[in-house]
Amino acid sequence: MTTKRSLFVRLVPCRCLRGEEETVTTLDYSHCSLEQVPKEIFTFEKTLEELYLDANQIEELPKQLFNCQSLHKLSLPDNDLTTLPASIANLINLRELDVSKNGIQEFPENIKNCKVLTIVEASVNPISKLPDGFSQLLNLTQLYLNDAFLEFLPANFGRLTKLQILELRENQLKMLPKTMNRLTQLERLDLGSNEFTEVPEVLEQLSGLREFWMDGNRLTFIPGFIGSLRQLTYLDVSKNNIEMVEEGISTCENLQDFLLSSNSLQQLPETIGSLKNVTTLKIDENQLMYLPDSIGGLRSIEELDCSFNEIEALPSSIGQLTNMRTFAADHNYLQQLPPEIGNWKNITVLFLHCNKLETLPEEMGDMQKLKVINLSDNRLKNLPFSFTKLQQLTAMWLSDNQSKPLIPLQKETDTETQKMVLTNYMFPQQPRTEDVMFISDNESFNPALWEEQRKQRAQVAFECDEDKDEREAPPREGNLKRYPTPYPDELKNMVKTVQTIVHRLKDEETNEESGRDLKQHEDQQVVNKDKCVKTSESTTTKSKLDEREKYMNSVQKMSEPEAETNGGNLPVTASMKLSGNLKHIVNHDDVFEESEELSSDEEMKMAEMRPPLIESSINQPKVVALSNNKKDDAKDADSLSDEVTHNSNQNNSNCSSPSRMSDSVSLNTDSSQDTSLCSPVKQTPVDSNSKVRQEDENFNSLLQNGVNLNNSPEEKFKINDKKDFKLPEYDLNIEEQLVLIEKDIDSKATSDDSRQLDHINMNINKLVTNNIFQPEVMERSKMQDIVLGTGFLSIHPKNEAEHIENGAKFPNLESINKVNGLCEDTAPSPGRVEPQKASSSADVGISKSTEDLSPQRSGPTGAVVKSHSITNMETGGLKIYDILGDDGPQPPSAAVKIASAVDGKNIVRSKSATLLYDQPLQVFTAASSSSELLSGTKAVFKFDSNHNPEEPDIIRAATVSGPQSTPHLYGPPQYNVQYSGSATVKDTLWHPKQNPQIDPVSFPPQRLPRSESAENHSYAKHSANMNFSNHNNVRANTGYHLQQRLAPARHGEMWAISPNDRLVPAVTRTTIQRQSSVSSTASVNLGDPTRRTEGDYLSYRELHSMGRTPVMSGSQRPLSARAYSIDGPNTSRPQSARPSINEIPERTMSVSDFNYSRTSPSKRPNTRVGSEHSLLDPPGKSKVPHDWREQVLRHIEAKKLEKHPQTSSPGECCQDDRFMSEEQNHPSGALSHRGLPDSLMKMPLSNGQMGQPLRPQAHYSQTHHPPQASVARHPSREQLIDYLMLKVAHQPPYTHPHCSPRQGHELAKQEIRVRVEKDPELGFSISGGVGGRGNPFRPDDDGIFVTRVQPEGPASKLLQPGDKIIQANGYSFINIEHGQAVSLLKTFHNAVDLIIVREVSS
């Protein structure tokens, strides 16, 4: 107990000389893991003046402690105190009291007896009100009550006239008592993140106020009386709804930092130029159309951020701001810059990303101190020759996909102006289709998210020493230092990250659904894959490297329109753009089909493709560190994609503005990285992966555009891959084929076609084996593969070789998948490639997507493939297709790769989650939880070459730690998860006699059975990816949930398991396990936990995504009063200070999972959770009040048991008593939106689209869980708990593949008439139709189905995903072509009367 005690004594001579005892005045027992106050303290009670008991686990204070009447300072932050004893009144000499980060609900009334108390720190406690006696602490000078539950302050609060610092951030305050006008000595007032709708009038009297925070409220205007605060130097009113700033503000003559970011300003007051001392003005993310001429009066300004507005021109007076050092105007509509801008002699950082600039003024050559300039995504034709004078310029970004910060410039004479200019291969820049917002009725995406993604994609990542801090750190609050509140910013950031991840996960979920369909086909292809595996094993690395190189080239080319000259490159360019939008596209391919048939198709594609990958990367970066073995390679692929995702997250958080630059860079990098990771990196050895990641990370820091980052990491990956692979050409060919396939699929795919595609995808993956497929079918399958990740399978060099043999150019597909950053290449042909890929990183990718897809995906796969809308593919890939033809050059292949990769990325994420959801792929429920996996025996179904389950094998989970074992048990089968490196393994897995009836889950188990460690790794890797990245979690399928649960445990446990064991269990595991393995798999693949390169991400991502629970597993203490609930400040918080991550069993990164973990301590304490947590266990274990956590757990557990009596079916052999996740077992009906809270349903996808509410689709819903429902906003804890319960209740036990998600509920068809008003569009997306790519809900149905509904759109309350449209405005939609249905819906004016058929659970 006293080991860490430090005794500080007054400076006195040595007691040996004095012959007397020294006087102990200070004791420090901080961080000693104490559960009670040490008794030895009381021996010094007469002399003790300062006592530090910080960061222990003390639950109550002994009475003796309050006999220490000499005590001046009592420090008890970060403990488990629930009450403050009334006897504290005995400490009459107490001056400083710190009880922050506990579970204290109220102060005792008699605290008023502590007359000399001057500093009280009580932040992060569930304090709902202050006692009246509190206002009698007349000597109080500093009061910190951040992050509590205060709704009001005592009426006589104004008695505290000596207050100098008052922090009340993150409460629920709506007003201040009028008596506060007496607080004339108040210098700092923080009212941020409360519920104020107007600035309290009492502020006008606080004449001494210097720093004022009121960000994150609901203000609509800034009153002029703020101008009376003449001493005010810092004013933060960002993140409100401010539409007007009154002119009286101009009298704040000492104002230095003025933050107006993220409001609704349309103009600034003309008097703003009177603020002569302002050094920082942030007006980004508003609706400004111009800056007033008076802005030139801000003579002292050094930083001006007006990014994300609608400014078309800058006033010439801006040239008067001669002290300007950082200027950001990203994402505006600037067509030219005033020549006066050359007067900025001190400018060092200039951000002009994403505008409409065609020329730059010569005067910019006078900016002698300019170090970083971002000119990407404009319409520049050249650069002024005066740029040669910029001697200090260290980074210049000219395009979205630039691989290096500086590129050689050549002198040329401009034909129009006859002036000497600088140009290079990147000019002329052309605007990206991304600028066009989607105008499709069928689109269902979140504009805000979309905008956020745009920001992310468009960021330049420069590592400029001078401005690095500005960009990477949150916006500076001047030089002000806030009191070091114990409330950890990391937690808030984590919450934000989780939100982002959740959004992405949802996007991924959608994508994964598509991927699943493909996966089913992939299962079929698995056998062929096995044949190709050996080849791919040897060649995959090289091929992947080649692919990466190609991808990089394509990316670079993509950035410039000139890329079009290269057949391959042009598509790549489109793909890159798509990669930005790809996430959306993959997930919303159908939506895009209709909506994107428009010009925005390409954009959407890119966006869709990119975000999902990025999302995956975010959570999966940990996986980056993979072993050098092929197994590791497979992991690498996943980890790479994870890494990409991670980067994308950063990008999302940071946009153009300097403060956001670094993040945005990551985003861009992510998309490219994802691609590279998926394909080349996966195949590359762990070392190369780590290097690549490091490079990526470096690039991220260096290139804030993120464009560069993407390319360079990918290039490196690709280079490595090339080294590994010898079939770069094949990759290209594959890409070409993929493009073709995409076309075919888009134009021809019917539900049958979709199935065919799925089969074809499998065949294609097996290219060598099935060369016979019709070209159309092959093309389609390629498309699907790409979307699903089959392409990734193809990507493996061996596979490529095989593909070449078949005569299909699937190597290109492979490349494409790689481009996506998913190892979808592998996944698409799980059956065929599994064995082959087992040894290569590609395998991992395949297993992920394949797993998801393979479960009976063949039927619905078409639908998933359909998700790839032709339009989208065409935008990015069709050109490539034309260019590529069958023998397109490698660059075209790269382009195709990108497009398909993008799709694939999306698919990969969606694959496991969505596909599983889609199909009754109910992976074995047993896999649902790690504990289940651990304890339960699972029946592994072996599949023959045709992917038919041969006979269930009952496999007892390995005795590995719960989490790990669980993975071993079958979760939803991870089709590609455990591809073994050798064909023999494959044989083991597949038995000739397989029952097609066996659950899709069963099929995956077959794949899973592959014993190859490489396969295992791939499986794990995918899991890890899923877990790490939200997109993985987005998967609603049970497998997904299982993985989620298992992942944390697995993460830790997998390390311990031998590679072989892992493989076998991995096989047993289903997609879920694989997902859960993601974190663990990453480690598993590495073979050692230390390996996780993603460690960086781990801390964050793991916490939230896969390791989230695990990371915080130890911490039972609430981190904050609100337990950092995802909810906004208003959401209710748990009673306990903070839930432990450990409590959150859903290690899954699924959207809902994130929500749970955020809000509810844990659904139930699972052994798996424990182990998982232990894996990620961070030091900061905190205990939530036992009551709260246990109640929640019991509540959830009980609900689960109530609602999900396990109904095991043959397919459920793997099923444990617990379901991996509530999500896992949702019956399709149960998953319908109506069961979920709106917030969940509306969760934005990472893509930037709103995650469609849970799909009510009969088949889908089962796999599709609320997690898919977007949690655009963090739901309140109660909501989360309910949501979890809902999920649990709806999780249907796994059943045979034939059993539809209906297993839980009988579905009745109901015909409904609805009227949708266009505003401005219909707000939903469709798929299917006689030429469509299939219907994700009913692959065998050629009807038109609703696939997405825009959460806030006109159809949000009328339609649900899965609704079949029978008639629209009198036009029959039966046996109608997809394109015709889209065009009809688009041509209808105003309103559309629809007759739909909805399946309702009876």
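Placement of Cβ uses the backbone N, Cα and C atoms for every residue, glycine included.
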Among S75, S662, S1150, S1232, residue with annotation phosphoserine (source: Swiss-Prot):
S1150
Would you mind telling me which one of S444, S815, S1239, S1327 Swiss-Prot calls phosphoserine?
S444
Among S679, S712, residue that the record in Swiss-Prot marks as phosphoserine:
S712
In Swiss-Prot, the member of S6, S440, S1372 to which phosphoserine is assigned:
S440
Listed residues Y551, Y979, Y1097, Y1156, with the one flagged phosphotyrosine by Swiss-Prot:
Y1097
Same-chain residues at least 6 beyond the ends of the repeat 'LRR 7' (162-183) whose Cβ lies under 8 Å from its Cβ atoms:
123, 138-156, 189-197, 200, 202, 205-206, 213, 482-483, 485, 487, 1122, 1129-1130
What is the pLDDT of the repeat 'LRR 13' (300-321) when averaged and given as a whole number?
96
So if I exclude everything within five residues of the ends of the repeat 'LRR 3' (70-91), which remaining residues of that chain have a CB under 8 angstroms from its CBs? That is, six or more out.
30, 45-61, 63, 97-114, 121, 486, 1117, 1137, 1182-1183, 1185
